[in-house]
Amino acid sequence: MRVTKFTVGILVSMILLSIFFANLLNLLSTQALTTDEFTKDNFINVTDTSENLMWFLQISDIHISIFRDPLRITEFKEFCQYTISTIKPMVVLASGDLTDAKTKDAIGSKQYEDEWRYYRDILKETHVKEKTLWLDIRGNHDNFNVADLSSKQNYFTNYSVQGRAHPRSYMYQMRKRNTLYTFIGIDACLEPGPRRPFNFVGMLDDVEVDEINSLIKKTESSPSNYTIFFGHFPTSCILTTSGTESARDLIGKHKKGLVYVCGHLHRLGGLVPKMYTLQKAGFLELELGDWKDNRVYRLLAIDHGMLSFIDIHHRQWPVVLITTPKHALFMNPAKENINILRHSTNIRILAFSLSRIDFVKVKIDDGSWIQCKRVKGPLFVAPWNPHDYLQGLHNIEVFVKDVDGRTRSDLQPFSLDGTRLSFGVLSKLALMTNASVIFKSFFYVMMVLTVLPLVLIRYIHFLVAGGKLVKPRARKSCWFSWLRKMWILTTVDRLFWPVVLYPVYLAVGPWSIGHIVEEHVGAIFAWGIYVNGTFLPGAFTYCYGFVQFVTFQIPLTCIVANAVFFRFQELQSKYERKETLTRKICRHMPFTVIFSIQVIMAYLFWLAYGTMAFFLGPLRTWSLLLAAILYYQALHLPEKCIRRALEVWHVSSDANVEETDLNVSPAEKSN
C-alpha cells in the first residue's frame with residue numbers, strides 16, 4: 001500500500017493536534033489533590049450555633065473618576081454607608097483599581113489627586129474604619145505613570161487605608177473567638193508602572209516573591225486556622241522573574257490557603273460573568289466583576305472551615321448565602337473535609353436586609369418548605385438529615401422575606417458524595433492559562449505567518465526558474481489567484497524585503513522611544529520595556545504587536561500584492577487602462593481604510609505617550625511612511641522590476657488565469 005505525502009501530513013497534523021489538546025486539557029483540569037492528613041485534622045461538628053462562622057466582603061475595580069460616571073462615586077458611598085452597616089463584615093477587601101487614572105479623553109493615563117481625595121473622603125465620611133477592617137491594595141490603574149513607591153504620583157501611600165503602613169504586599173490577622181483568620185494581600189503592580197496600555201499584566205520580582213514567602217512563613221508559624229489571599233491581578237496575569245515559583249505556586253503551597261480573590265478582568269466585557277475556577281495547586285480562584293460598570297460586590301463566609309460566597313449587585317436586598325450545605329461547584333477536597341457536611345445537623349443560611357428579616361424558609365429537591373429559626377444576627381438554621389442525600393447531586397432552595405416586603409430566592413446544587421460540577425471553559429481559560437505566554441504565542445505565530453509564506457514562495461520561484469521544480473498549474477480559484485499575486489510580489493526586491501523585514505524588526509527592534517513613566521525616557525520592545533534603569537519583561541506588548549499584524553501588516557501585504565499584480569497586467573498589456581472614478585475608488589479603498597486605521601492608532605499612541613514617542617515610533621508612525629512608499633512603488637513599478645516574474649508568469653490583459661511561459665534572456669532576469 002502506497003503512503004502518500006498527503007497521508008503522512010494528515011497523520012502528523014493529527015498527532016500534533018492531539019498533543020496540543022491533551023496538554024490544554026491537562027492544563028485546564030480542575031481536579032485538585034485530596035490531602036487526607038489535612039482533612040482529618042480539621043473536622044468540626046456543624047450544629048445550630050454561631051460558632052466557627054465569619055463573613056467578609058470584597059469590592060474591586062471601583063475606578064473613581066473625576067471625568068466619567070459620577071454615580072460611580074455616589075453609589076460607592078452608599079455601599080460604604082448602608083451595605084457595610086447592614087452586613088457588618090469582619091473585613092472588606094478592596095482589591096485594586098481604586099481610582100480610574102485616565103485622562104479626560106479616556107486615552108492617556110496619569111494619577112489625579114482629586115480621585116484619591118474622593119476615595120479617602122468617602123471612607124472617612126462613612127466611618128468605614130469604625131465599622132470594619134478595610135484592606136485595600138493597588139491595581140494597575142492605581143499604578144499608571146508611577147515611577148516607584150517614593151514617587152509623588154504614588155497617591156496610594158497617602159490616600160488609601162493601608163498604603164502608608166503597607167505600600168505593597170502585606171498580611172493581616174484577625175481573631176474571632178478561638179479562630180484566627182489571616183489575610184495576605186499580593187501586590188503585583190509593575191515598578192515602574194508604565195502608562196496604559198502596557199500596564200495590563202502584573203509582575204512579582206524576586207524581592208516581592210521573597211516578601212510573600214516571608215508572609216506565608218509567618219502565617220504558618222502562627223496559630224492561624226484559615227488564610228485568604230487577595231490581590232488585583234488574576235494569577236494568569238502575573239509574571240514572576242524568579243523563574244521558580246509562580247503566583248499559583250506561592251499560594252498553592254500554603255496548606256491553609258482557601259482562596260485567592262481578585263478583580264482586573266471586568267468579566268471580560270460580559271463574556272464571562274462568573275469567572276471562577278479551582279486551580280490544580282489546590283485553591284479556589286474567584287475573579288470579581290467590577291464596580292465600575294456592573295456595581296458588583298461579593299459576600300464570602302467561612303463556616304466551620306467551608307468557604308462559601310455569592311456575588312451581589314448593589315441595592316439588591318435581601319442578600320442570602322447558603323453556607324451549609326456548600327455549593328457543589330466550589331467544593332475543594334484539598335482544603336475542605338466533606339465529612340463535615342455528612343455529619344452536620346443543620347442547614348445554615350446567612351440573610352441580610354435593610355429592614356428586619358421576616359422569615360427564611362428552605363426546601364431540598366421537591367420536598368416541603370421548612371421554616372428556619374434565627375440563631376444570632378444574620379444566621380438562620382433548619383434541622384436536616386444529610387444521610388437522606390448521600391448520593392448524587394441535589395438542590396437546595398431558600399426563600400427570604402423582610403418586613404418591608406422585599407423578597408429573595410436562591411437555588412444551589414450540593415453533593416455529599418464528592419460528585420463534582422464543572423467550571424466553564426472560558427473561566428478556566430481566563431484564570432488557569434498564562435496571559436503572557438498566550439500573547440507571546442499569538443505574536444510569534446502571526447509573525448511567522450506573515451513572513452514564512454513569502455520566503456517560501458520566493459524560494460520556490462528560484463527553483464521553478466532554474467528548472468528544478470514544475471510551475472503550478474493554472475486553476476480558476478481564489479486560492480490560486482492569491483498565490484500568483486504573492487508570487488509576483490516576492491520577485492520584486494524593492495517590495496519583498498521591506499514587507500518581510502518589517503515584521504522581523506517588530507520582533508527585535510524598539511517600537512518607540514519616549515516618556516514611558518512620568519518624565520523618564522524609555523524604550524518599548526516586543527520583549528519588554530527599558531525605563532528608569534529597569535527592565536520590564538514583555539507581556540501585553542506582544543498582544544499590542546499581534547494587533548499590529550492583524551490590522552496592518554497582513555492587510556498591507558495583501559493590498560500591495562494586489563497592486564503589484566494590477567501593475568504587472570498594465571505592463572504586460574503595454575497600455576494603462578482607463579478606469580472609471582468608481583473603479584478607482586474601489587481599487588484604492590482597502591489601502592485607504594487600513595492607512596486611516598493606522599493614522600488613528602498613531603494618534604492614540606501620541607495621546608498616550610507624547611510627542612517624542614510619536615516621532616520616534618517605528619511601530620505606529622514610521623509604519624505609515626512604509627505603507628505609503630510601498631503602495632506607491634507597487635502602483636508605479638518600472639518594467640524592469642517585473643522581469644524576474646516573467647520567468648514564470650504571464651498574465652493576459654483581460655486578467656484571465658491563463659499563463660504561458662516566456663523565454664527571457666539571462667540578461668533580463670535581474671531587477
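Cβ coordinates are placed from backbone N, Cα and C, and glycine is handled just like the others.
Not measured: the values here are computed from a predicted model.
What TrEMBL says about this one:
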{"type": "DOMAIN", "residues": "54-267", "note": "domain 'Calcineurin-like phosphoesterase'"}
{"type": "DOMAIN", "residues": "316-419", "note": "domain 'TMEM62 Ig-like'"}
{"type": "DOMAIN", "residues": "437-567", "note": "domain 'TMEM62 C-terminal'"}
{"type": "TRANSMEM", "residues": "442-465", "note": "transmembrane segment"}
{"type": "TRANSMEM", "residues": "546-568", "note": "transmembrane segment"}
{"type": "TRANSMEM", "residues": "589-609", "note": "transmembrane segment"}
{"type": "TRANSMEM", "residues": "615-634", "note": "transmembrane segment"}
The transmembrane segment (615-634) versus listed stretches 442-465, 546-568, 589-609: most Cβ pairs under 8 Å: 589-609
Positions on the same chain near the transmembrane segment (442-465), where near means CB under 8 A and six or more residues out: 471, 483, 486-487, 489-491, 496, 499-500, 503-504, 506-507, 526, 542-543, 545-546, 549-550, 553-554, 557, 644, 647-648, 669
Two-stretch contact, the domain 'TMEM62 Ig-like' (316-419) and the domain 'Calcineurin-like phosphoesterase' (54-267), at least three Cβ pairs under 8 Å: yes
Per-state residue totals over the domain 'TMEM62 Ig-like' (316-419) - DSSP helix, strand, coil: 11 helix, 51 strand, 42 coil
